[in-house]
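Taken verbatim from TrEMBL:
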- C131-C154: disulfide bond (DISULFID)
- 12-32: transmembrane segment (TRANSMEM)
- 38-58: transmembrane segment (TRANSMEM)
- 70-92: transmembrane segment (TRANSMEM)
- 195-221: transmembrane segment (TRANSMEM)
Amino acid sequence: MCSTYKPITGVILLAVGVWGKLTLGTYISLIAENSTNAPYVLIGTGTTIIVFGLFGCFATCRGSPWMLKLYAMFLSLVFLAELVAGISGFVFRHEIKDTFLRTYTEAIQNYNKNDERSHAVDNVQESLSCCGIQSYTNWSTSPYFFKHGIPTSCCMNSSDCNTQDLRNMTVAATKVNQKGCYDLVTSFMETNMGIIAGVAFGIAFSQLIGMLLACCLSRFITANQYEMV
């Protein structure tokens, strides 16, 4: 009776980590004041679960009580770690919004079109068709605006945007997206983080079930060994 669902949960977590890196990487780089390794942690955890899941299958096939106890101990640690991470993310979700507002404002003030955060700002404005924080007028206080105008990533139609128009707020109002990025980004993040949290909690409780089954199987095998003696 080798339970294959455990490696499958590892594959799911690994897939979520890769998806989070590809889909949310831009937004995470803006929210995090320092570089974050959250997606890589998911990927690493998923890979570890796959390896130990195979170990659990091997332990079950071998009928080894000590291997099953070791497997159950690993599952309990993963369960606790995922539970703490999920609860922390839920409790501090409002602080994430405040942090994003602060870091996004800083990114606009320090925008130069070349560094990582400037690229992240451009990606957000292009992908969500937004401009600035609350609106395109937020760019008027950025040092970049006085030299180059509003970034072209704000343009509704890139072929109908030039530097001269973007340096004039009145003209730019007809060329760029009016809606700010803050509400759109936080809504996007909440939706996708909700998916990640749901998957993480589901996997966490699957670890709990696996831990209980491993303990029960270990006791059953031990009891049979004593009966045979």
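Cβ atoms are placed via backbone N, Cα and C, with glycine included.
The number of other Cβ atoms within 10 Å of the Cβ belonging to C131 (disulfide bond), over all protein chains shown, comes to 26. When Cβ atoms from all protein chains are considered, those within 10 Å of C154 (disulfide bond) total 26, not counting its own.
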